[in-house]
Amino acid sequence: MAEAVGAVALIAAPARRRWLWSVLAAMLGLLTARISALEVHTPKEIFVVNGTQGKLTCTFDSPNTTGWLTTVSWSFQPDGTDSAVSFFHYSQGQVYIGDYPPFKDRVTWAGDLDKKDASINIENIQAVHNGTYICDVKNPPDIVVRPGHIRLHVVEIDNLLVFLVWVVVGTVTAVVLGLTLLISLVLVVLYRRKHSKRDYTGCSTSERLSPVKQAPRKCPSDTEGLVKSPPSAGSHQGPVIYAQLDHSGGHHSGKINKSESVVYADIRKD
(Lines of atoms letter the chains of each structure in order from A; the text may use other names.)
(Lines give C-alpha, C1' and ligand atoms only; values in the text may rest on other atoms or scores of the structure.)
Protein backbone atom coordinates (compact mmCIF):
# COMPACT_ATOMS: atom_id res chain seq x y z
CA MET A 1 0.00 0.00 0.00
CA ALA A 2 2.79 2.36 0.92
CA GLU A 3 4.59 1.54 -2.30
CA ALA A 4 1.49 2.45 -4.32
CA VAL A 5 1.12 5.79 -2.57
CA GLY A 6 4.79 6.57 -3.17
CA ALA A 7 4.43 5.78 -6.86
CA VAL A 8 1.42 8.10 -7.19
CA ALA A 9 3.34 10.87 -5.41
CA LEU A 10 6.29 10.49 -7.77
CA ILE A 11 3.98 10.69 -10.77
CA ALA A 12 2.12 13.77 -9.42
CA ALA A 13 5.25 15.73 -8.50
CA PRO A 14 6.31 16.64 -12.08
CA ALA A 15 2.75 17.64 -12.95
CA ARG A 16 2.55 19.87 -9.88
CA ARG A 17 5.84 21.56 -10.75
CA ARG A 18 4.70 22.19 -14.30
CA TRP A 19 1.47 23.71 -13.00
CA LEU A 20 3.34 26.02 -10.60
CA TRP A 21 5.69 27.17 -13.34
CA SER A 22 2.73 27.88 -15.62
CA VAL A 23 1.02 29.98 -12.95
CA LEU A 24 4.20 31.95 -12.22
CA ALA A 25 4.82 32.57 -15.91
CA ALA A 26 1.25 33.80 -16.39
CA MET A 27 1.49 36.15 -13.42
CA LEU A 28 4.84 37.49 -14.59
CA GLY A 29 3.49 38.06 -18.09
CA LEU A 30 0.42 39.85 -16.73
CA LEU A 31 2.54 42.06 -14.48
CA THR A 32 4.98 42.88 -17.28
CA ALA A 33 2.15 43.74 -19.65
CA ARG A 34 0.64 46.24 -17.19
CA ILE A 35 3.91 48.08 -16.50
CA SER A 36 4.03 51.38 -18.39
CA ALA A 37 5.66 54.78 -18.14
CA LEU A 38 3.93 57.22 -15.81
CA GLU A 39 4.10 60.80 -17.14
CA VAL A 40 4.34 63.75 -14.75
CA HIS A 41 3.34 67.26 -15.89
CA THR A 42 4.52 70.49 -14.21
CA PRO A 43 5.01 74.09 -15.37
CA LYS A 44 8.58 74.97 -16.23
CA GLU A 45 8.63 78.02 -13.95
CA ILE A 46 6.37 80.12 -11.77
CA PHE A 47 6.61 83.58 -10.17
CA VAL A 48 5.38 84.11 -6.62
CA VAL A 49 5.23 87.41 -4.74
CA ASN A 50 7.27 87.48 -1.56
CA GLY A 51 5.16 86.75 1.54
CA THR A 52 2.25 85.14 -0.33
CA GLN A 53 1.10 81.58 -0.93
CA GLY A 54 2.48 79.66 -3.87
CA LYS A 55 0.93 76.57 -5.44
CA LEU A 56 3.22 73.99 -7.01
CA THR A 57 1.04 72.30 -9.61
CA CYS A 58 1.82 68.68 -10.47
CA THR A 59 -0.41 66.26 -12.40
CA PHE A 60 0.29 62.84 -13.85
CA ASP A 61 -1.02 60.40 -16.44
CA SER A 62 -1.25 56.69 -15.69
CA PRO A 63 -3.25 53.93 -17.39
CA ASN A 64 -3.81 52.34 -13.99
CA THR A 65 -6.08 53.61 -11.25
CA THR A 66 -4.57 55.12 -8.14
CA GLY A 67 -4.79 53.35 -4.80
CA TRP A 68 -3.05 52.76 -1.50
CA LEU A 69 0.22 52.04 -3.25
CA THR A 70 0.30 55.43 -4.96
CA THR A 71 2.88 57.81 -3.44
CA VAL A 72 3.94 61.41 -4.02
CA SER A 73 7.27 62.94 -3.04
CA TRP A 74 8.48 66.53 -3.32
CA SER A 75 12.12 67.57 -3.22
CA PHE A 76 13.81 70.98 -3.27
CA GLN A 77 17.09 71.99 -4.89
CA PRO A 78 18.19 75.47 -3.75
CA ASP A 79 19.81 77.85 -6.21
CA GLY A 80 23.54 77.31 -6.53
CA THR A 81 23.50 73.70 -5.29
CA ASP A 82 23.60 70.33 -7.03
CA SER A 83 21.77 68.24 -4.45
CA ALA A 84 18.05 68.03 -3.66
CA VAL A 85 16.41 67.65 -0.25
CA SER A 86 13.15 65.74 0.23
CA PHE A 87 10.71 67.80 2.31
CA PHE A 88 7.25 66.30 1.60
CA HIS A 89 5.79 62.80 1.20
CA TYR A 90 2.20 61.64 0.66
CA SER A 91 1.16 58.00 1.02
CA GLN A 92 -2.08 56.17 1.90
CA GLY A 93 -3.85 59.44 2.62
CA GLN A 94 -1.20 60.62 5.08
CA VAL A 95 1.09 63.65 4.81
CA TYR A 96 4.68 63.36 6.00
CA ILE A 97 6.67 66.59 6.28
CA GLY A 98 10.36 66.58 7.06
CA ASP A 99 12.27 68.82 9.41
CA TYR A 100 13.84 70.93 6.68
CA PRO A 101 13.59 74.46 8.17
CA PRO A 102 12.54 76.44 5.05
CA PHE A 103 9.35 74.34 4.77
CA LYS A 104 8.47 73.61 8.37
CA ASP A 105 4.79 74.41 9.04
CA ARG A 106 4.47 75.90 5.56
CA VAL A 107 3.50 73.00 3.26
CA THR A 108 -0.04 71.63 2.81
CA TRP A 109 -1.47 68.98 0.51
CA ALA A 110 -3.50 70.47 -2.39
CA GLY A 111 -3.84 67.43 -4.64
CA ASP A 112 -6.36 64.68 -5.33
CA LEU A 113 -5.02 61.30 -6.39
CA ASP A 114 -8.41 60.26 -7.79
CA LYS A 115 -8.00 63.15 -10.24
CA LYS A 116 -4.29 62.35 -10.63
CA ASP A 117 -3.30 65.63 -9.02
CA ALA A 118 -0.23 65.77 -6.77
CA SER A 119 -0.03 69.53 -6.12
CA ILE A 120 1.03 71.22 -2.88
CA ASN A 121 0.80 74.71 -1.36
CA ILE A 122 3.62 76.62 0.31
CA GLU A 123 2.63 79.41 2.70
CA ASN A 124 4.51 82.67 3.24
CA ILE A 125 7.08 82.18 0.52
CA GLN A 126 10.39 83.96 1.10
CA ALA A 127 13.57 84.52 -0.87
CA VAL A 128 14.98 81.31 0.62
CA HIS A 129 12.45 79.35 -1.41
CA ASN A 130 14.02 80.32 -4.73
CA GLY A 131 15.08 77.16 -6.50
CA THR A 132 13.92 74.04 -8.33
CA TYR A 133 11.14 71.80 -7.02
CA ILE A 134 10.88 68.16 -8.06
CA CYS A 135 7.60 66.22 -8.13
CA ASP A 136 7.96 62.42 -8.10
CA VAL A 137 4.93 60.10 -8.36
CA LYS A 138 4.81 56.31 -8.05
CA ASN A 139 1.71 54.33 -8.99
CA PRO A 140 2.57 50.60 -9.10
CA PRO A 141 2.86 48.81 -11.39
CA ASP A 142 3.77 52.06 -13.19
CA ILE A 143 7.26 52.49 -11.79
CA VAL A 144 9.12 53.94 -14.77
CA VAL A 145 8.71 57.68 -14.32
CA ARG A 146 10.51 60.93 -15.02
CA PRO A 147 9.92 63.48 -12.24
CA GLY A 148 8.61 66.95 -13.02
CA HIS A 149 10.72 70.06 -12.36
CA ILE A 150 9.45 73.55 -11.49
CA ARG A 151 11.67 76.62 -11.32
CA LEU A 152 10.26 78.99 -8.66
CA HIS A 153 11.10 82.71 -8.66
CA VAL A 154 10.28 84.81 -5.59
CA VAL A 155 9.70 88.43 -6.62
CA GLU A 156 8.87 91.64 -4.81
CA ILE A 157 5.54 93.31 -5.53
CA ASP A 158 7.23 96.32 -7.17
CA ASN A 159 9.31 94.11 -9.41
CA LEU A 160 6.22 92.11 -10.32
CA LEU A 161 4.34 95.25 -11.31
CA VAL A 162 7.25 96.37 -13.46
CA PHE A 163 7.39 92.93 -15.02
CA LEU A 164 3.67 92.97 -15.78
CA VAL A 165 3.93 96.47 -17.25
CA TRP A 166 6.72 95.34 -19.53
CA VAL A 167 4.70 92.31 -20.57
CA VAL A 168 1.71 94.50 -21.43
CA VAL A 169 3.87 97.04 -23.26
CA GLY A 170 5.59 94.30 -25.21
CA THR A 171 2.30 92.70 -26.16
CA VAL A 172 0.75 96.00 -27.28
CA THR A 173 3.87 96.89 -29.25
CA ALA A 174 3.85 93.54 -31.00
CA VAL A 175 0.17 93.94 -31.90
CA VAL A 176 0.69 97.50 -33.22
CA LEU A 177 3.69 96.45 -35.28
CA GLY A 178 1.76 93.51 -36.67
CA LEU A 179 -1.20 95.68 -37.67
CA THR A 180 1.11 98.31 -39.19
CA LEU A 181 2.87 95.67 -41.25
CA LEU A 182 -0.43 94.22 -42.41
CA ILE A 183 -1.82 97.63 -43.41
CA SER A 184 1.42 98.46 -45.24
CA LEU A 185 1.24 95.24 -47.23
CA VAL A 186 -2.38 95.94 -48.19
CA LEU A 187 -1.53 99.49 -49.32
CA VAL A 188 1.41 98.26 -51.39
CA VAL A 189 -0.78 95.69 -53.13
CA LEU A 190 -3.46 98.28 -53.90
CA TYR A 191 -0.85 100.78 -55.14
CA ARG A 192 0.67 98.22 -57.50
CA ARG A 193 -2.69 97.20 -58.88
CA LYS A 194 -3.67 100.81 -59.49
CA HIS A 195 -0.47 101.66 -61.35
CA SER A 196 -0.50 98.43 -63.32
CA LYS A 197 -3.87 99.49 -64.77
CA ARG A 198 -2.50 102.94 -65.65
CA ASP A 199 0.53 101.50 -67.41
CA TYR A 200 -1.55 99.11 -69.54
CA THR A 201 -1.14 100.03 -73.25
CA GLY A 202 -3.93 97.93 -74.67
CA CYS A 203 -7.25 99.19 -75.91
CA SER A 204 -10.04 99.35 -73.42
CA THR A 205 -13.72 98.84 -74.18
CA SER A 206 -14.45 102.57 -74.08
CA GLU A 207 -11.56 103.20 -76.44
CA ARG A 208 -12.83 100.64 -78.92
CA LEU A 209 -16.26 102.23 -78.93
CA SER A 210 -15.14 105.87 -79.11
CA PRO A 211 -15.11 107.44 -82.59
CA VAL A 212 -11.86 108.46 -84.18
CA LYS A 213 -11.91 111.89 -85.70
CA GLN A 214 -10.41 111.97 -89.12
CA ALA A 215 -10.07 114.79 -91.58
CA PRO A 216 -12.92 114.59 -94.04
CA ARG A 217 -11.91 113.44 -97.43
CA LYS A 218 -13.01 115.66 -100.24
CA CYS A 219 -14.32 113.67 -103.12
CA PRO A 220 -15.51 115.79 -105.98
CA SER A 221 -19.04 115.04 -106.91
CA ASP A 222 -21.15 116.13 -109.78
CA THR A 223 -22.89 118.70 -107.69
CA GLU A 224 -19.61 120.08 -106.37
CA GLY A 225 -18.37 120.24 -109.93
CA LEU A 226 -21.39 122.14 -110.91
CA VAL A 227 -21.05 124.47 -107.98
CA LYS A 228 -17.33 125.06 -108.30
CA SER A 229 -17.25 125.25 -112.07
CA PRO A 230 -17.07 128.82 -113.19
CA PRO A 231 -20.19 130.10 -114.84
CA SER A 232 -20.09 130.13 -118.54
CA ALA A 233 -20.27 133.34 -120.40
CA GLY A 234 -23.67 134.72 -120.68
CA SER A 235 -25.12 132.35 -118.12
CA HIS A 236 -26.68 133.55 -114.93
CA GLN A 237 -26.21 131.38 -111.84
CA GLY A 238 -29.01 131.41 -109.41
CA PRO A 239 -28.74 131.02 -105.69
CA VAL A 240 -27.33 127.76 -104.39
CA ILE A 241 -29.28 126.18 -101.56
CA TYR A 242 -27.32 124.22 -98.93
CA ALA A 243 -28.67 122.01 -96.20
CA GLN A 244 -26.92 120.55 -93.14
CA LEU A 245 -28.04 117.09 -92.07
CA ASP A 246 -27.53 115.58 -88.60
CA HIS A 247 -27.36 111.78 -88.85
CA SER A 248 -28.05 111.01 -85.23
CA GLY A 249 -30.29 108.58 -83.44
CA GLY A 250 -31.83 111.17 -81.16
CA HIS A 251 -30.93 113.72 -78.61
CA HIS A 252 -30.02 111.17 -75.92
CA SER A 253 -28.84 108.43 -78.25
CA GLY A 254 -25.47 106.82 -77.68
CA LYS A 255 -24.72 106.71 -81.39
CA ILE A 256 -22.03 108.77 -82.99
CA ASN A 257 -23.24 112.08 -84.47
CA LYS A 258 -22.00 113.07 -87.86
CA SER A 259 -22.76 116.32 -89.62
CA GLU A 260 -21.94 117.26 -93.18
CA SER A 261 -23.09 119.77 -95.70
CA VAL A 262 -24.95 118.45 -98.73
CA VAL A 263 -25.87 120.34 -101.83
CA TYR A 264 -29.48 119.64 -102.55
CA ALA A 265 -30.10 121.97 -105.49
CA ASP A 266 -28.24 124.16 -107.87
CA ILE A 267 -30.53 126.61 -109.52
CA ARG A 268 -29.26 128.17 -112.64
CA LYS A 269 -30.85 130.78 -114.80
CA ASP A 270 -29.76 130.97 -118.37
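Just so it is clear, glycine is given a Cβ too, placed from its N, Cα and C backbone atoms.
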Swiss-Prot annotation, N-linked glycosylation site - which of Asn50, Asn64: Asn50
Among ranges 4-9, 22-27, 28-33, 262-267, whichever one Swiss-Prot labels motif 'ITIM motif 2': 262-267
Among Asn130, Asn257, residue that the record in Swiss-Prot marks as N-linked glycosylation site: Asn130
Recorded disulfide partner - Cys135, candidates Cys58, Cys219, source Swiss-Prot: Cys58
Residues flagged as motif 'ITIM motif 1' in Swiss-Prot, choosing from 84-89, 174-179, 240-245: 240-245
Same chain, 6+ residues apart, C-beta under 8 Å of the C-beta of Cys58 (disulfide bond), given in sequence order: Val40, His41, Thr42, Val72, Gly111, Asp117, Ala118, Ser119, Ile120, Cys135, Val137, Gly148, Ile150
Secondary structure at Cys58 (disulfide bond), reduced by DSSP to three states: coil
Secondary structure composition of the topological domain 'Extracellular' (36-162) [DSSP: H/G/I, E/B, coil]: 15 helix, 64 strand, 48 coil
Cβ-Cβ neighbours of Cys135 (disulfide bond) (radius 10 Å): 25
